[in-house]
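Student: So Swiss-Prot lists the following for this protein:
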- Y1287: S-adenosyl-L-methionine binding site (BINDING)
- 7-18: compositional bias 'Low complexity' (COMPBIAS)
- 19-31: compositional bias 'Basic and acidic residues' (COMPBIAS)
- 105-121: compositional bias 'Low complexity' (COMPBIAS)
- 130-158: compositional bias 'Polar residues' (COMPBIAS)
- 174-186: compositional bias 'Polar residues' (COMPBIAS)
- 194-204: compositional bias 'Basic and acidic residues' (COMPBIAS)
- 702-716: compositional bias 'Basic residues' (COMPBIAS)
- 758-784: compositional bias 'Basic and acidic residues' (COMPBIAS)
- 843-855: compositional bias 'Polar residues' (COMPBIAS)
- 868-884: compositional bias 'Basic and acidic residues' (COMPBIAS)
- 895-907: compositional bias 'Basic residues' (COMPBIAS)
- 960-978: compositional bias 'Basic and acidic residues' (COMPBIAS)
- 1297-1313: domain 'Post-SET' (DOMAIN)
- 1-205: region 'Disordered' (REGION)
- 400-458: region 'Disordered' (REGION)
- 555-607: region 'Disordered' (REGION)
- 667-792: region 'Disordered' (REGION)
- 842-908: region 'Disordered' (REGION)
- 932-982: region 'Disordered' (REGION)
- 1137-1142: motif 'RxxxRR motif' (MOTIF)
Amino acid sequence: MSRSSGASFAQFFPAAPRAARDRATERERARMRAQASPPTQPLDTNGHRTPLSSFTSNRSDDGASPGRSHITSLNHSSSAGADATRPPLEDTESLPGDTLNTVGSASSHTSTSSSIFSSSTRQPAMASASVRNSHTHNSTTPLTTAGSPSSLYLSTSLHAKPHSVSPHHADKQNGLTPTLNGSATDSLVPLPDGTERVPPRDPSRSVLCTICTYDPLLDKKLSSSEKKKAKPIYKDYGLNDEDDAPPSDPRLAHGGKLSYINVNFHLPKAQLIDAPSNLKPYPYDPKTSCGPGPPVQILVRGFNPLIAFTKVTTIFASFGDIAESSNKMHPETGSYLGFATIRYKDSKPTSSRPVPVPAHQAARRAVRGMHGRRIEANQVRVEFDPEGRKSKALMEAVLKKSRETSQTPNAAYKIPTGPKPRAGEVIPGPPPTAPKGPAAHRALGGSEAGWTSTKPRHPNIIETEPIVNHIKSEPYIFVAHEYVPVMPTTVAHMKKRLKQYGFDDIRADRTGYYIIFRDSHYGRDEASKCYNSANDTAFFTYSMVMDLHLFGTVGKSSRSSEDHRRHSYGSEKRPPPEHRQRDDQDRRRRDEEADIEEEKKQRAKNLDPVKEAAEVIRREMTEHLLKTIRTKITLPAVFDYLNPVNHAAKRRKLNIDDSHSGTIPSIVFDDSEGRSSPVGTPNSRADPIERRTARADVSTLRVRKLKSRGVNARKHGFNDPFARARPTQRVDLRSLHHRLNSDSDDDSDDGVDNRYSMIRDTEEPESRPRSRVSSEEDRNKEETGSWVAGEDDSMTEASFALNDTSALLKKRKLDLPAETAVKRQKKAEELFEATIARIETELPSQEQAVESVTPTGVEAPLNGLPDADVKAEPAEDKETEDSRLPTPIPDNTKPKKKAKAKKKSKKQIFEEREALKKQQQETFEREALRAAGIEDIEGTPDAEAKSQVGEPEPVPEPELETKGEALEAPETESKPDLDPELYPSEVVDALVLPKDFNLDIGTLKLVPFHGEDGPDAQRLQRKFGTAKLDCDAELWLWRRNRIRQLNSEDGSVDKPVGIGGYYVPNPTGCARTEGVKKILNSEKSKYLPHHIKVKKAREEREKNAKNGNTNSVAAAAEAARLAADSLVAKGNSRANRVNNRRYVAEINDQRKNFGQDSDVLRFNQLKKRKKPVKFARSAIHNWGLYAMENINKDDMIIEYVGEEVRQQIAELREARYLKSGIGSSYLFRIDDNTVIDATKKGGIARFINHSCMPNCTAKIIKVEGSKRIVIYALRDIAQNEELTYDYKFEREIGSTDRIPCLCGTAACKGFLN
C-alpha cells in the first residue's frame, strides 16, 4: 500500500501531544461551523456528507485508524482529494480508540465509545453482511460497506421489492465491477430495493436514564446532620444532542497543563497503560456461580520417572488433601513417562491445618508454589489440567513417537548384508559336520555365503588372503575353523576373552583365527601361558582347540603336526575322535539341559499350590521328626549307655582300673629313666597356644618331662612341663598372665596329684585379689634383681623353641593328710588376707630326706656370718624351688630369696628334724643356715605390712616352724655352750598348736612368741613403705569385731564374715578358660541380696505349708511387720509435706479447669512430681524398678513411655527382636490397633517386672486426645521395694512355648501365659 506524498508527522503519529492539541482545536472550529450552517445532506457518524447517488469505501490517508471507513463517491478524482485534505468534523475522528466500533473493528476494550451506538450500528451491519451477494439491486440501489453506517440514513420513501436476479446479472445492469479498491470488494453489500430502514435514533427524543449530578453523602464539606437534610440532584439523560456524542477522552483534560504522557509516575519504572484495567473477577461460589468452576486438577511433568512417586505426592500433599493421583505409564511397555495428574479435594480442618483449604485453592497454591521448582535434580512444570486434556495430549504424543520409532528401524543397529558373490564364484563354507553358529548368523538362503560384517566401515575383518603367508618368526596360536566358526563378531569376543594375555593382534581368515604375539622372549612366554590356560576350553558353545607355534613359520620346529591345515582353505578332514566324542558329550548335555528346562516349564505350568504346600510341610515334618528322634531319643540313650557310672560293676568284674571314672583323673608323671606318661590328649602335639586357649579340661593336658641332659644346663628359670629343647636364648620376657596363676607351675612340678593341685590352683587366684598377686610379684622382683634371659613363660609360643638342658629330678607325691593341711592353710589365708609362714608340702622318705638335705653345689659363705644372705639348699629342693619361684636368681653363687615359701605339715617338719639329726655339719654351715632361716622368717609375715599400707583386715602373721629353725637342733649337740632353752638336747616342738586352731587376731594372743619371732620393723618399712590407718587400731579392731558379731548367727566374733559357697573353684583352673556359662539361680541366691530374700521367703512359705501354718507366733510377727511397713509407707517426710503444700494452689486451679477428670489432673501432677524410682538388678528377671521412697496407695508413679506403632508393625518387630537375639521385648498394647514399643526408645518404666501378686497396676488414660499408659500403686509400697504389675498375658494352656514365671510369690501361677 503506497502512501501519499503529503503525509506529515501528525498523520503517522496521531497520539503525539502536539498533534492531539491541534486536532482538538480543529474539532472545536468544525463544531462551531456546523452549528452556524446546518447540513442539507444527512451526516454519518463521522460528520461527513453522505451523497445518496453512489457510494464506495476507501481508506483515508489522513491518519485515521485502519478500522475507520470513509464514504466517498465512485469518482476518485474529485472526492478522494477533497477527503484527503478535509479535517475531521467530530471528536470521534481524533484517535483510533475513539471511533465507533463496527463489525471488523478492534476489541471493545480499546474503545471509549458509548455502548448505545455500538449496539445500534452492529445489528444492521451484520444483517447487511449476511445477505451480501444474495439479493438483487437496480441502478438506484447504492452499494455500502459492512462497516459503514451511512446506509442507515437512506430515505424511508424508497420502497421497492427485490427482484430475483443473480448478483452477477445485477452487477452488469449497474455497470459496476465487483473488484474495487483494496479490500473493499469484500465489504460491498447491496441493499435490497425499497427496504424500510430503521433509523439509529428515535426522532422524538426520550429520556434514556437519570444521572445524579450531586450526591450530598459524598460531599466531604457537609457534616453528618447536613448530609441527612440535603437532597441529591438528578438530571435526565438523552434529551439533548450532546448526549448522543460519546464522552470525551478524560486523558485530554490535562493535555495543556501537564503535557500529558501516557505513563504512570507512581511506579519506579514508567509503565505504559495500553487499556483500562479490567474489573476483578468475582470469587467462585458453588452455590451461586455457574459453569464448571475453577480447576482442581493439575498436571505435573518433568520429574524423574525412576524416583518413587510417593515423594511427588508427599510434596504436593502439603498444599491440600489429594483425592486422586495418577502416575502415567506407557500402555504397552508399562514404564513410567515422567508426568502425572493430581486432583485435590476440599480438606477439613485438622490439628496440623486448622483452616480448611478448598480444592481449587489447593490446586492454585500448588501451581504457584511448585511451577519451575526442582524435585530432586529435575525441574518440574505444574499447570492446570481440569479435564485431563493436556495429559491426554502428552500420552498421545508419546504413543505417536513410540510408533514412529518402532516403524522406522534404526540404521545404527541394522545388520548390513555382506557383498554378494560374483556369478560362478563358489564361496567355501564349513563342512556339514561342523557345529552350527548362532541362529542370528546362520545363512537364510541355504547356499548363501557364511559370514557377514557387523559394521560397514570394517568390511575386511575376515581377510581373503591366507594370513600364514605373512607370518614369519612371530609366535602365534592357531584356532581352526572346525572348532570355532569364522565370523566377524567372534574376533571382538575372542579379544575380550584373551585380554589378560599380551597378544598383539587377533586376525582371521577362512581357515581360522591367528592370535599373534610379539617376536620376543616375553611374547613367547605369553603365547605359552595362553596356550596352557585357554587350550581346549569353552568358548560360547564351542571348544577352543589351539595350535601353538612359538617361532612362526620360518623359525624352529613348532609343536604342531598339522601345519597343512593352515595352507588349505577348506579342509575336509574330520576332527579327531577325542574331540568328536567331547562334542557328542556336550551336545547330549545341552539336550538334557533343554529337556530339564522344558520339564521345569511344564511343572510350573501345571503347578498345584496346595499339593506343593503339602509336600513342603511333609518334608519339613520329616526333617523335624528325624531331628527330634536324634536329639531327644538317640543321643540321651547313647550318653546314658556310655556313662562310666553304669559300667562300674563290669569294670570291677574285669579288674579294670576305675581311675578314669571320676571327673578329674590324676596325672601320673614319669620318672627320669624316660618312661612315658600314660596320660595324654588326643591332639597332644598340637599348637601349645591353641591348647592353651581352647576349652580343655585339666585332665586332658599332658605333662611331659625331659631327660636329664645336665643339671647346670638351665640353672635359673622355670621347669616348664611343656617345654621342648631350646637351641637359642631369648629376649628377657615375661607375660602378665603368669601373675594371675603363679602357683600352678609349683604344684605341677612338685609332682602333686592333679586332683588336689587343680583345687589348690583354682582356690588361690579366686581368693586373692589380682592387685595383691601383682604387687607381690613386683616386690619380689625388686629384691632379687632384674630378670635373666633364662626365665620364660611356659605358655608363650617362643618358649617352646628355646633350648632347655636342665634335667628334672624325681617328683614326689603328697599324701592326703599333707594336702589337707595345705588346703586348710590356704583357706585361712583367704579369710584373713595374710600369708602364713612356710610349711613345706613335700613328704620325703628316709632315703630322699638324706639326699634332700645334702648341700651340693653351694659355696660356703665367708667368715660364717650369721646375718649373711646366703642359704644352703639341697640339690633337689633347689631345682624344684627354682621352678616354683616367681623370679629367678640373678647370680649362680647367690641363692635367691623366696618370695613365697612352701608350706609344710608338722609331720614333714618332724621327719626333717630326724634327718638333720643324722647329718653332722660344720658349725659355720649351721650358723649360716640358721641365719638364712631367720631372715626367711622375717620376710614371711605380711600381715603387719598389710596393716601399715591400709589393708581392710591387717592381721599380724605368726611364725610356725621353718627349716631354718629345724637346723638349729643339732647345734646343741655340737656346741654345749649354747643356750639350752634355744637349743635343747632333745627335739621338741617349738610351737604346739591345737587341732582346731584358727588363725585370727584373737587367737594370736594365745600363741607364745619369742623375742626373735617378731618382725623387723625397719626392714618392713624399707620394703613396703609407711601408711596410716584412718582411725585408731583399737577402734578398727572394735569395728571389725562388731561387724562379725552382727553378721554371725550366734554373735561370735571368731568366725569371719563370709558367704558359704561363694568362692567356687573353676574346673580348668582359670576363669578365662571357662568361656561363657550361665550362673544358676541357686548360686545367685548365695550372694545377691534380692535372690537371698526371695529364697528365704520361699523356704519360709514351704516350711509353713509343711507345718500347716501352726506357728501363730511367726504369723503374728509377720502381720506386725506388714503393719509397720504400711505405717512407714503412709508417713511422709517433712520435706515431702512442704513440696505437697507448694502445689496446692496450682492443683486447685487445675481442678477448676478440668472439672471431674481426676486422671488428667493426676497426670499433670505427675509431670511435676515424679516419684523417685531407680532400676537395678532384680531377683525376678534381669533388671527391675525400685521405689526410692515410700509410695501411698493409688498414687500415680510413672508413665510407660515408648514408640507408638501399629499392630502390624509391632508383630514384625517382635519377630525381628526374637531373631536378632534381643529376647526381651517391651511391647505394651493400648488398644487393638496401637502398641507402645519401648524396646529401643522408651523410659525406665519398661523395667517393671511381672508378678502374680503385684503392688502396682497399669491404667490407660486419655490426656489431650491421646491415650497414655500410667502405673498406679495398688497398695502402700515401702522404700527399696521392687515395683511389679501383672502383665495379663492370655492363658495358653497346652502350648509348647509358655513363658515361666519367676516372681516367686505364694500365688505364683507358674507361667506368664
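In case you wondered, yes, glycine gets a Cβ from its N, Cα and C as well.
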Student: Determine which residues of the chain contact the domain 'Post-SET' (1297-1313) at the Cβ level, with the cut-off under 8 Å and only residues 6 or more beyond its ends counted.
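Tutor: For the domain 'Post-SET' (1297-1313), the nonlocal Cβ contacts are 1094, 1097-1098, 1101, 1179-1181, 1249-1253, 1284, 1287, 1289-1291.
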Student: Over all shown protein chains, what is the count of other CB atoms within 10 A of the CB belonging to the residue listed as 'S-adenosyl-L-methionine binding site'?
Tutor: 17
Student: Where does the mean pLDDT land for the domain 'Post-SET' (1297-1313)?
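Tutor: Here the predicted model's pLDDT, averaged over the domain 'Post-SET' (1297-1313), is 83.
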Student: Going by DSSP, give the three-state secondary structure for Y1287 (S-adenosyl-L-methionine binding site).
Tutor: coil
Student: Please list, for the domain 'Post-SET' (1297-1313), how many residues fall into helix, strand and coil according to DSSP.
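Tutor: Going by DSSP assignments, the domain 'Post-SET' (1297-1313) contains 0 helix, 2 strand, 15 coil.
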Student: For the compositional bias 'Basic and acidic residues' (19-31), how many residues does DSSP put in helix, in strand and in coil?
Tutor: 13 helix, 0 strand, 0 coil
